[in-house]
Amino acid sequence: MEYPAPAAVQAADGGGAGPYNSSELLEGQEPDGVRFDRERARRLWEAVSGAQPVGREEVEHMIQKNQCLFTNTQCKVCCALLISESQKLAHYQSKKHANKVKRYLAIHGMETLKGETKKLDSDQKSSRSKDKNQCCPICNMTFSSPVVAQSHYLGKTHAKNLKLKQQSTKVEALSKRLTNPFLVASTLALHQNREMIDPDKFCSLCHATFNDPVMAQQHYVGKKHRKQETKLKLMARYGRLADPAVTDFPAGKGYPCKTCKIVLNSIEQYQAHVSGFKHKNQSPKTVASSLGQIPMQRQPIQKDSTTLED
């Protein structure tokens with residue numbers, strides 16, 4: 001039996017640990033365009049996917065070398081906003097960030113290098129639409145079937161990551177005008193507060209966010225929102241509208257009574273509790289009225305004592 005030469009085995013294995021390393025034999029067989037893309041991906045892999053940076057100097061070096069992916073105020077790979085220096089260092093040195101970078105490169109490694117984007121022709125654009133059923137570039141996830149992909153795109157995780165990506169785009173636009181990263185974060189918070197006022201983007205009653213008005217309309221006619229409206233009307237009926245406990249508790253988590261510091265599971269339990277003696281005894285109005293009756297009870301006693309002395 002004949003065994004292949006060690007050089008041939010090394011050439012077949014690729015000669016390296018990285019997924020984008022290629023042998024001279026493969027490079028000789030590949031077209032120029034494919035070899036160029038492979039070289040770009042290999043350079044990006046070496047620049048980003050090495051060991052996790054340790055210390056401030058390595059983190060700053062990584063940011064300067066890959067400004068298309070990382071900045072001092074945001075990580076485009078993780079869709080994370082970095083509002084302080086300590087948060088920036090902790091994020092870029094974390095294992096979670098390193099794993100997401102590897103997944104990002106597995107999807108985008110052939111397309112991105114130092115801010116350059118490949119120009120796609122019509123065929124590539126049509127293939128990109130088909131790739132949506134295979135992977136989600138926003139969440140860095142892969143799918144086994146179009147059904148799983150559609151379920152992901154309609155889920156909360158994708159909506160949350162899409163919102164974070166939109167926020168990171170706003171941060172990038174603001175950072176071009178504002179040099180102070182902390183001023184950028186405060187300005188972004190102001191924009192977020194304005195969005196929370198828009199009912200097509202945020203439901204203050206259920207603490208839910210929406211990507212488009214159609215999704216918002218579906219929420220407002222849904223069972224969850226109607227249940228919250230019923231709860232609010234019930235609170236108002238029993239004099240609880242001005243109680244901040246209605247908004248302090250998470251949406252859909254029972255019926256809170258801040259006076260007694262308990263949460264009831266149903267409307268019937270809440271009605272029975274509010275009508276009961278224990279709740280009325282703990283009510284501030286009852287305590288105030290009982291305190292006001294104390295001097296009224298002492299006055300007739302004093303008058304009786306004076307009449308007896310006379």
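Glycine too: its Cβ is placed from the backbone N, Cα and C atoms.
Features as listed in Swiss-Prot:
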- Cys75, Cys78, His91, His97: Zn(2+) 1 binding site (BINDING)
- Cys136, Cys139, His152, His158: Zn(2+) 2 binding site (BINDING)
- 1-12: compositional bias 'Low complexity' (COMPBIAS)
- 283-292: compositional bias 'Polar residues' (COMPBIAS)
- 299-310: compositional bias 'Polar residues' (COMPBIAS)
- Lys114: SUMO2 cross-link (CROSSLNK)
- Lys170: SUMO2 cross-link (CROSSLNK)
- Met1: N-acetylmethionine (MOD_RES)
- 1-33: region 'Disordered' (REGION)
- 278-310: region 'Disordered' (REGION)
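Overlay of Swiss-Prot annotations on the structure.
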residue : record                : contacts (Cβ under 8 Å, 6+ apart)
Cys75   : Zn(2+) 1 binding site : Leu69, Leu82, His91, Tyr92, His97
Cys78   : Zn(2+) 1 binding site : His91, Lys96, His97, Lys100
Cys136  : Zn(2+) 2 binding site : Thr142, Phe143, Ala149, His152, Tyr153, His158
Cys139  : Zn(2+) 2 binding site : His152, Thr157, His158, Asn161
Residues other than Cys75, Cys78, His91, His97 within 8 Å, Cβ to Cβ centroid, of the Zn(2+) 1 site?
Phe70, Val77, Ala80, Leu82, Tyr92, Ser94, Lys96, Lys100
Cβ within 8 Å of the Zn(2+) 2 site's Cβ centroid: which residues qualify beyond Cys136, Cys139, His152, His158?
Ile138, Met141, Ala149, Tyr153, Gly155, Thr157, Asn161
In DSSP terms, helix, strand or coil for Cys75 (Zn(2+) 1 binding site)?
strand
Fewest Cβ neighbours within 10 Å, where candidates are the binding-site residues His91, His97, His152:
His152
Enter the number of other CB atoms within 10 angstroms of the CB of His158 (Zn(2+) 2 binding site).
18
